[in-house]
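Notes follow the structure.
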Amino acid sequence: MNRRALVVLAWLWVGLPLAYGLVELIRKVTALFTG
Amino acid sequence: MGFLDRSRTIAPPDWNRWLVPPAALSVHLAIGQAYAWSVFKPPLEDALGLTGTQSALPFQLGIVMLGLSAAFGGTLVERNGPRWAMFVSATCFSSGFLISALGAWTQQYWLVVLGYGFVGGIGLGIGYISPVSTLIKWFPDRPGMATGIAIMGFGGGALIASPWSAQMLESFGRDSGGIARTFLVHGVVYAVFMSVGVLLVRVPATVAEKAVARSAVNVSARNALRTPQFWCLWVVLCFNVTAGIGILEKASPMIRDFFEGTPVPVAAGAAAGFVALLSLANMVGRIAWSSTSDLVGRKNVYRLYLGVGALTYLVLALAGNASKPLFVVCAMLILSFYGGGFATVPAYLKDLFGTYQVGAIHGRLLTAWSLAGVLGPLIVNAIADGQLAAGRSGPDLYTTSLFIMMGLLVVGFVANELVRPVDAKYHEPVGEVVR
C-alpha cells in the first residue's frame, strides 16, 4: 500500500475514536456553564 | 519469537516515521481506559452486592501492577522490542476483560479482580512503556513531542471509554449478564484496536540506531539507579503527580464544596462538566507542554510545572470561593502541568541517560506514580474528612491540603534544580551499546 495512504488510514484509526471522546466531553463541559 | 522479534520490526528504508505515533496511540488510547473504571463501579456494586471499596479493587490492583510491570518488565521490553511489548500488552489487557466477563457472568468477583486488576494491569504497565524508546529513536529532533503524543493517548483513552462503556451498559443492561457482555465486547474490541499498533510499529534501521547510540550519552538502567539524577527526577515526578492527582481524584466534590452556600453553587451535572474539563486539560497538557520542552529545554519546562504550579495552588488557597472562573482556570492549569509532567519525563530521561535503555529507566521511574497515586488522594481526603469532623465547610475543607501540595511542588522544584548531567563514570562503553 502507498505509504502516504497508510499514514492517513493509521491516523484515522486512532483519530476517529478520539474525536468521538472529545465530542462527548464537550457535551459534558457545557453543563458546567449552563447547568 | 518470529513475527514479534525485534529483527522483524526493522523499518525498510522508505518507512514513514509518522506511522509510529499512531501505532503507539493505538496502545495508549486503549490502556487509558483504566481511568474510566469508575463507570463500572455502580453496576458492579448493585449486581454483586459490593461496597465502594470492594468495587475499586480491580482499578487499584491494576495501577499497582502497572507500576510493578513497568519497573520490572522494562529491561525485557528493551531487549525484545516494541512489537513484542505491544503484543504482550494487548494480550494481557484484552484477556483481563475476558476473564472479568467470566467473573461477572458467574458472579465470581475475585475473577474480575484477577482479570482486570492483575492480568490487565500487566498489560497497562508493559503497554505504557512499550513505544517510548522507539518514538525517541524515530524523533531525535523532537523527542518531547513524540512521547507527548503517545502519553496524551493514555489521557485520551478515558475520554473514549467513559461514554462508550456507559452506552454499552445501557444497551446490555446493568445486571451481571449485561456487565459480562460489556466486558466481553471491550476485550474483543481492544484486542482488534491494539493489534494495529502491533502490526504498524517499526524500529529505525540498525545503521541509524547505531549512529544515534554512538553519538549520545548512554547509561544502563542498572547504572541509572545509582545516579542522583534518577532520584531527583523520581522526586520531581512523584510530587508533581501527587499535586495533580489530589485534585483530579476529588474534583467533583471539591468544586461543589468550594461554592456551596455562595450565590453560584455548582450542581452535580455542572461538577461532571468540571471533571471533563480537567480531563481535557490533562490530555492537552501532555502534548502541548512536552512539545514546548523541545524548544525551551526539559529543565525549564519542569520549572514551569513546579514553580507556576506552586503559585497556582497559592492563588487557589488565598482566593477561596471568590471566583468560579478563577477556580476553574487554576485547576485546569494544575492538571495541564500534571499531564505535562508525565509526558515530558521520557525526553528528560533521554537527555540525561541517552536512548540505550531509556524505556527500562522510564519503567523504573514510574514507581513514583504508584506512590503518588496513594499519597495525593490520601492527603486530600484525610484532611477534608478531618476538617468536616471539626465542623468546617466550604474552601476551609481544602485550604490545608492546598498549602501541602504547594510545599510538595516547592520540594520538587528544588529537586529539579539539583539535576546535572550524569557523571561519565556511569556511561556505557560504545561496544556495549551497539548491538
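Keep in mind that glycine also has a Cβ here, set from the backbone N, Cα and C atoms.
For B:1-419, the entry in TrEMBL reads domain 'Major facilitator superfamily (MFS) profile'. Residues annotated as transmembrane segment in TrEMBL: B:18-37, B:57-77, B:84-103, B:109-132, B:144-166, B:178-201, B:230-248, B:268-289, B:301-320, B:326-349, B:361-384, B:396-415.
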State, in range form, which of B:18-37, B:144-166, B:178-201, B:396-415 has the highest count of Cβ pairs under 8 Å to the transmembrane segment (B:230-248).
B:396-415
Three or more CB pairs closer than 8 Å, sequence separation of 6 or more: does that hold for the transmembrane segment (B:396-415) against the transmembrane segment (B:326-349)?
no
Where else in the chain does the transmembrane segment (B:84-103) make close Cβ contacts, counting only residues six or more beyond its ends and a cut-off under 8 Å?
1, 4-6, 23, 27, 30-31, 58, 73, 76-77, 109-124, 126-127, 129-131, 180-181, 183-184, 186-188, 190-191, 194-195, 197-198, 201
Please work out whether the transmembrane segment (B:18-37) lies in contact with the transmembrane segment (B:178-201), by counting C-beta pairs under 8 angstroms that are 6 or more apart in sequence and asking whether there are at least 3.
yes
Could you tell me what the rest of the chain brings near the transmembrane segment (B:361-384), counting residues at least six beyond its ends with Cβ under 8 Å?
63-64, 66-68, 70-74, 77, 125, 128-129, 132-133, 219, 221, 224-225, 230, 233-235, 237-239, 241-250, 254, 257, 342, 345-346, 349, 353, 397-398, 400-401, 404-405
Sequence-remote contacts (6 or more beyond its ends) of the transmembrane segment (B:301-320), Cβ cut-off under 8 Å?
236, 239-240, 243, 258, 289-290, 292-293, 326-327, 330-331, 333-334, 337, 340-341, 344, 348, 394-395, 399, 402-403, 405-406, 409-410, 412-413, 416
Please give the sequence-distant neighbours of the transmembrane segment (B:178-201): residues at least 6 beyond its ends with Cβ less than 8 Å from one of its Cβ atoms.
9, 19-20, 22-27, 29-30, 33, 40, 43-44, 47, 82-83, 86-87, 89-91, 93-98, 100-102, 104-105, 127, 131, 134, 165, 168-169, 172
Within the domain 'Major facilitator superfamily (MFS) profile' (B:1-419), what mean pLDDT does the predicted structure show?
91
